[in-house]
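The active site annotation in TrEMBL covers 104, 417, 440. Under the heading compositional bias 'Polar residues', TrEMBL lists 35-44. The region 'Disordered' annotation in TrEMBL covers 28-51.
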């Protein structure tokens, strides 16, 4: 299906008022005139609930256990089989595990990249170093935050932007364009060359120390800016040519001095990585047990073994955000990892275009990076993502009526996780997807040996992003992406969430 310039269906007031008209109160007067919760009101609710047999059964059962487990649909579990009629040539092993870290986007990125490398080098099992990319991302996010601190030095600390940026300043999460920044700048290495450390797998303690120091550093830079009478609004601090300004030079020199502390913390906890243009040697066995040796830099490794037909740098994000106009380019203010690097860009389009892109990519032999809200109507042990998985409405005698747009508007949903689609089951009659096989990064002990199954209905409601090569994307949407005419969303917009 092609892309048509259109707007999503009208949402807020009209949709909500119609959908929830059945919940309108029968009486014109509330029982509590001042809005407090009175005993009489609760007694009325209990009188009604105690006469309802469904509520009586729910109270008998659900107080003793996890209601989501008890209310799992047997029919859904049977229907959500791990069988797919359109899939990649082989499964890339092993199933990876991000452990107690928020690096899913880096695992999804490297899982996409390794597929081509394993095929090219005839490898049985293989992982790229997620920790290598994680280190450079963390270092750059620290620099990005301190640059933002310089740029916003004349705003008060309780300014909404300043406060927001300091609340989660170096998240483990990220986005596709941020991954491309890392790959193009630092390359990549096999995991055996830069293996996991405790702090890459369990990142919270390291992050806590880094945030403590960065917030201190931000205040140091703000005080220095004030003493220099520095006015960021008069400069384009993203432009290297503005560095001839004496005050900005002084601030950036101080920032580099402070960043030396950050480098010491990061390398002490994650290890000292190969530098982007520093040569390393990789010894490995192919699938037939034959030994091989390769030598070169991380950048050379990336260029030598990355997919030339579908290079990462030429892929971009299609999103389905029904709050905003379709066939438009969007970005999020102040979102990034490499200062001056590639911005995070999304082309908003109808959900059918995301589905069609996936089918086209799988048929072309290309795994698919995607972003979703993984915690909604899903079960980790069974590896099922299905809107019909939990029979919640019947058990509680309620209706769950939020639309996808409304969930975004009220902070009920956002992109929380990135994974990889490696297969799709297409209905032979309609040609439409029925379910998708998902390669997760939570280890082999969940789902079907690490793989999840996602229904098409779940996809429609909780998938927000699909990354697609330009050559496999609708031409109209490629033009939107290449136009550069973008709408800037505020830093706290749900599309700024990092998977």
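Glycine is no exception: its Cβ is also placed from the backbone N, Cα and C atoms.
In TrEMBL, annotation is done automatically, which means it is predicted and not curated.
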Residue 440 (active site) versus residue 104 (active site) - Cα distance in angstrom: 8
Cα-to-Cα gap, residue 440 (active site) vs residue 417 (active site), nearest whole Å: 10
Count of other CB atoms lying within 10 Å of the CB belonging to residue 104 (active site): 25
Cβ neighbours within the same chain of residue 417 (active site) - under 8 Å, at least six residues apart: 104, 371, 372, 373, 374, 375, 499
Local Cβ density at residue 440 (active site) - other Cβ atoms counted within 10 Å: 26
DSSP-assigned states of the region 'Disordered' (28-51) in counts, ordered helix, strand, coil: 12 helix, 0 strand, 12 coil
